[in-house]
Structures are given as structure tokens and as C-alpha cells.
Amino acid sequence: MISDINALKYKKVLLKVSGEALMGDKQFGHEYEVIKKIAGDIKEVIDLGVEVAIVVGGGNIYRGINAALVGMDRASADYIGMLATVINALTLQNVMESLNIYTRVLSAIPMMSVCEPYIRRKAKRHMEKKRVVIFAGGTGNPFCTTDSAAVLRAIEMNCDILLKATQVDGVYDSDPKKNPDAKKYFTISYKDVITNNLQVMDTAAIAVARENKLPIRVFSIKEQGNFARVIQDKGEYTTIEE
């Protein structure tokens, strides 16, 4: 462990956690042992002195784009997906607080009875007080992914880097689960991600990150302690930058 925060390159980070990461090997919902492991990884990073914000997806409960494909109005489907992210955020908050991690959930869709509305200044203040802020509700707008929300919130919070936790250990030129010969990139430019149509994030999210010079690091959440390792430039990952 690094006890001196000044020795760390990244002092304020945003972690993007997909809904799928929260369900483990299940087909739907939550796997609490997996969530507890993720919470433990987050605590390890907090103990380094790093300020942490989180954006959660909702794909383990509902995927708006899939519902739209079978005939549901896309905007309505996306709003339902945003509600799914709030469920995930509250679940993650509960598990994190069981580990004595001070946590606040801020939703882009106001739900005063269950969490705070997203206000940028309030979110920044929570982070300054070393609370973990979990952003829910996506951007609050339909037709926008939670990846776009992650990029926007990282920029708004002045984060040093966005870390995307996935099921694989980086960005590949094709799906490594389907193609055993898939080539892994250790670093790749925003332009090449867009040009090669790599499905690590949607094009809009990558474009906004590029415009604001926000580096993105993609790593596997499956291995215990990976979050802390990646923060310290260790382990397996891919960095997306200019």
C-alpha cells in the first residue's frame, strides 16, 4: 500500500461498474458476494487516500435498448433503465456501508425519498469529505448510455481518470470470448477506438472524453484487488488516451 497520496498519479477517479458485473454468474439481479468483493476493492482504493466516484449501469435488471428493439418506445424504455441504475446504486451503497465506507447516492432523476438529486457542487463537496459518491439515473436523459454518464460525471468532478470495470482485462480488436486469437491493446487512441468501431464504449462517450482529454483505463473487475493495482499502474489493463 502507498501511504503517501502524493506518490499516486491518480488522486481522484471515477469507476464505471456495469450492471452485469453486479450479477456475477446469475442471469438477472444481484450476486451479493460479488458486490461485496467489488465493495472491498473500492475500500482498498479509498484506503490509499484516493477520492472515488462511481457510475453504475442497469443491464442486470433492464436494458432500454433491448426493449426498444421489440417495440417499446425508446425514451420510455431508457427511463426504465435509469430506474434500474438507482436500484443498483442503492444496493451497492448498502453493501459498502456495511464495510464502513461513507457513501452517498445522487440521482440524475430526483427521488427525494431514497437518495439525493444530482447537484454538481454537492457531489464535489461529498468527495472532498472523502465520501464515495455513486451517480445513478444515467445522464437523466433518454438515448444516452451510462458510459456517456460516466464520462460526463468524471469531467464534472475533475477526475484524473475514468476506470471502466469489465469482464475482460482490457480492449481487444475482437471479442476474446469468441476469438481466441483476439489481439489486446495495451494503449490505444480515442481515434482508433472510434475508427475501428471497438465496442468498449459508445462513440459519443469516447468523443467527449477525447475532447476533454480524459484518459480511460479498461480492466477486469473479476480479480480481487485489481482496482487498486490499476490505480498504481500495475496489473492488466488498456489505456485509452490521445
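The backbone N, Cα and C atoms fix where each Cβ goes, and this holds for glycine too.
Positions annotated as ATP binding site by Swiss-Prot: LYS16, VAL17, SER18, GLY19, GLY59, ARG63, THR166, GLN167, TYR172, ASP175. Secondary structure at THR166 (ATP binding site), taken from DSSP and collapsed to helix, strand or coil, is strand.
According to its DSSP assignment, PHE143 (UMP binding site) is coil. Residues annotated as UMP binding site in Swiss-Prot: GLY58, ASP78, THR139, GLY140, ASN141, PRO142, PHE143, CYS144, THR145, THR146.
For the pair ASN141 (UMP binding site) and THR166 (ATP binding site), the C-alpha distance works out to 24 angstrom. Counted within 10 Å of its Cβ, the other Cβ atoms near PHE143 (UMP binding site) come to 13, all protein chains included. Around GLY58 (UMP binding site), the same-chain residues six or more apart in sequence whose CB sits under 8 Å from its CB are GLY19, GLY81, MET82, LEU83, ALA84, THR85, ILE87, ASN88, THR146, listed in sequence order. Other than GLY58, ASP78, THR139, GLY140, ASN141, PRO142, PHE143, CYS144, THR145, THR146, the residues of this chain whose Cβ falls within 8 Å of the Cβ centroid of the UMP site are, in sequence order, GLY64, GLY81, MET82, GLY138, SER148, ALA149.
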